[in-house]
Amino acid sequence: MGRLHVLDHPLIQHKLTYIRSKETGTKEFRQLVQEVAMLMAYEITRDLPLTDTTVETPVGLAHCKVIEGKTLALVPVLRAGLGMVDGILAMIPNAKVGHIGLYRDPETLQPVEYYCKLPPNVEERDVIVIDPMLATGGSAVAAIDAVKERGATAVKLMCLVAAPAGVQRVQSAHPDVDIYVAAVDDGLNDHGYIVPGLGDAGDRLFGTR
Ligand SMILES: O=P(O)(O)OC[C@H]1O[C@H](OP(=O)(O)OP(=O)(O)O)[C@H](O)[C@@H]1O
Ligand SMILES: O=c1cc[nH]c(=O)[nH]1
Ligand SMILES: [Mg+2]
């Protein structure tokens with residue numbers, strides 16, 4: 001079973017409060033989502049393997065560490081996942097970025113794929129699928145299916161807010177995938193929105209409705 005990591009760092013929780021508020025406008029929402037993504041990147045990369053190296057300081061030889069081998073691929077789910085990419089890149093500027101286009105049919109709540117472009121050698125990379133909202137889990141499962149079908153073997157899922165049903169759906173469809181979230185909320189309403197959630201993440205990020 002993939003592990004669920006709820007990132008309860010005070011800075012993440014503080015910023016999430018303002019992201020949730022309906023009083024927060026597009027500019028501030030966008031800024032806060034990037035900041036939380038940056039802080040989550042710090043936590044999600046905690047287990048990256050290090051390798052030994054040496055550098056000469058102005059004073060002598062220092063035995064140090066660098067991140068080894070595999071490079072990361074960030075794969076935001078369009079549209080809302082885009083809102084988290086720059087924050088993560090601020091921490092991991094060498095990461096490659098793929099894109100998966102999915103929208104959730106408002107009637108059936110089923111995900112519809114319309115785009116997929118991944119970096120080369122995806123099978124050799126640690127892949128982080130990014131979407132602020134994990135509601136029914138249909139989109140996340142489809143996004144993880146899409147990266148695995150194209151060769152990915154090491155996949156993590158990073159979201160801001162999850163519903164319990166979405167977490168369970170990802171864990172049963174993809175038991176090898178760890179899930180990183182800032183909060184797990186109460187549930188879903190009749191339209192498949194997370195309650196209390198933060199509303200429609202894509203609309204709030206891009207000012208559409
Ligand atoms: O867990 P699920 O029930 O599948 O719902 C979550 C999906 O819904 C939202 O995308 P949306 O369909 O609104 O597309 P958008 O980002 O283009 O607005 C969100 O960004 C997720 O991708
Ligand atoms: O609460 C939700 C559910 C799906 N998509 C969103 O943007 N918000
Ligand atoms: Mg949307």
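Just so it is clear, glycine is given a Cβ too, placed from its N, Cα and C backbone atoms.
Residues or ranges marked as 5-phospho-alpha-D-ribose 1-diphosphate binding site by TrEMBL: ARG79, ARG104, ASP131, PRO132, MET133, LEU134, ALA135, THR136, GLY137, GLY138, SER139, ASP200. What TrEMBL lists as uracil binding site is ILE194, GLY199, ASP200, ALA201. Per TrEMBL, domain 'Phosphoribosyltransferase' is recorded for 6-208.
Structural mapping of features recorded in TrEMBL.
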residue: ARG79; record: 5-phospho-alpha-D-ribose 1-diphosphate binding site; contacts (Cβ under 8 Å, 6+ apart): GLY202, LEU205, PHE206
residue: ASP131; record: 5-phospho-alpha-D-ribose 1-diphosphate binding site; contacts (Cβ under 8 Å, 6+ apart): PRO76, VAL77, ALA80, GLY81, SER139, ALA140, ALA143, LEU157, MET158, CYS159
residue: MET133; record: 5-phospho-alpha-D-ribose 1-diphosphate binding site; contacts (Cβ under 8 Å, 6+ apart): ALA80, CYS159, LEU160, VAL161, ALA162, ILE194, GLY197, LEU198, ALA201
residue: ALA135; record: 5-phospho-alpha-D-ribose 1-diphosphate binding site; contacts (Cβ under 8 Å, 6+ apart): ARG104, ALA163, ALA165, GLY166, LEU188, GLY192, TYR193, ILE194, GLY197
residue: GLY137; record: 5-phospho-alpha-D-ribose 1-diphosphate binding site; contacts (Cβ under 8 Å, 6+ apart): ALA163, ALA165, GLY166, VAL167, GLN168, ARG169, VAL170, ALA173
residue: GLY199; record: uracil binding site; contacts (Cβ under 8 Å, 6+ apart): LYS22, TYR193
residue: ASP200; record: uracil binding site; contacts (Cβ under 8 Å, 6+ apart): TYR193, ARG209
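DSSP assigns ALA201 (uracil binding site) to a helix in the three-state reduction. Shown in sequence order, PRO132, MET133, VAL161, TYR193, GLY197, LEU198, GLY202, ASP203, ARG204 are the same-chain residues outside ILE194, GLY199, ASP200, ALA201 whose Cβ sits within 8 Å of the Cβ centre of the uracil site. For the domain 'Phosphoribosyltransferase' (6-208), the model gives a mean pLDDT of 96.
Ligand 2 lies within reach of none of the binding-site residues ARG79, ASP131, GLY137, SER139, judged by a C-beta closer than 6 angstroms to any of its atoms.
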